[in-house]
Amino acid sequence: MATVGGNRALYAVVALPLLATLLHGPMRLSHAFPYRSLLQTCQPSGSIQGRSGNCNTENGSECCKNGRRYTTYGCSPPVTGSTRAVLTLNSFAEGGDGGGAAACTGKFYDDSKKVVALSTGWYNGGSRCRKHIMIHAGNGNSVSALVVDECDSTVGCDKDHNFEPPCRNNIVDGSPAVWDALGLNKDDGQAQITWSDE
């Protein structure tokens, strides 16, 4: 039968190394818990007040409502070899629901082109401009698409953004050609996907 003194000795053996690890700061803690980055999340950076306007609802776009508050983000979830995202539908054509010309090129793109816009954090100040990403759908289909624009998570509800709210922080906004190549139903408006840099 264990004694009280024996129990105290056992607690000391277990607790002291843990306490030493915690007291030696973040560097030691990262060795004790190497998956700490998985706990980091992208938090909202603020909000904007909605303003309605001439919103093109061609692809089921959500239009801003006067006075409503919309969350903004300056970040996106961490990029991995298979980053989870929500694919939304967007026309990059002139007069389409995409608003202004593509940020990367200053051009519009016909709906037959496989192009995408990425949420602000993934767009990363334009570092992915004119680069291809590989998109994988749950049905097993994949497509390579060119990054041409930012799906802005920091602003919205204005003419440049088709009077739509700021993008969520986990969006890959794909052209109709991307949806067709993936064999997805455009009437759904959004789909769960994964993507990776090529």
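Quick reminder: no glycine exception, Cβ is built from N, Cα and C everywhere.
These numbers come from a predicted model, not from an experiment.
Per Swiss-Prot, the feature disulfide bond maps to Cys42-Cys75 (among others); the stated evidence is experimental evidence. Reduced to three states, the DSSP call for Cys75 (disulfide bond) is coil. Cys75 (disulfide bond): 19 other CB atoms within 10 A of its CB, across all protein chains.
Residues or ranges marked as disulfide bond by Swiss-Prot on the basis of experimental evidence: Cys55-Cys63 (among others). Using a 10 Å radius centred on the Cβ of Cys63 (disulfide bond) and all shown protein chains, the other Cβ atoms total 17.
Feature annotation from Swiss-Prot assigns disulfide bond to Cys64-Cys157 (among others). Here the Cβ of Cys64 (disulfide bond) has 23 other Cβ atoms within 10 Å, regardless of which shown protein chain they belong to. When secondary structure is read from DSSP and collapsed to three states, Cys64 (disulfide bond) falls in the coil class.
If you look up Swiss-Prot, you'll see Cys104-Cys129 (among others) marked as disulfide bond. Under the DSSP three-state reduction, Cys129 (disulfide bond) is assigned to coil, being neither helix nor strand.
If you take the C-beta of Cys167 (disulfide bond) and look for same-chain residues 6 or more apart in sequence within under 8 angstroms, you find Ala117, Ser119, Thr120, Cys151, Asp152, Ser153, Gly156, Asp173. In the three-state DSSP scheme, Cys167 (disulfide bond) falls into the coil class. Sequence annotations record features per position, and here Swiss-Prot assigns disulfide bond to Cys151-Cys167 (among others).
In the structure as shown, the Cβ atom of Asn59 (N-linked glycosylation site) sits within 10 Å of 20 other Cβ atoms. Classification of Asn59 (N-linked glycosylation site) by DSSP places it in coil, neither helical nor stranded. Among the features that Swiss-Prot reports, N-linked glycosylation site is placed at Asn59.
Residues annotated as signal peptide in Swiss-Prot, with sequence analysis given as evidence: 1-32.
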Minimum Cα separation from Cys75 (disulfide bond), reported as the residue among disulfide-bonded residues Cys55, Cys129, Cys157 that achieves it: Cys129
List of residues, in chain order, with Cβ under 8 A from that of Cys42 (disulfide bond) and at least 6 apart: Tyr73, Cys75, Ser76, Pro77, Gly121, Asn169
Helix, strand or coil at Cys151 (disulfide bond) [DSSP, three-state]: strand
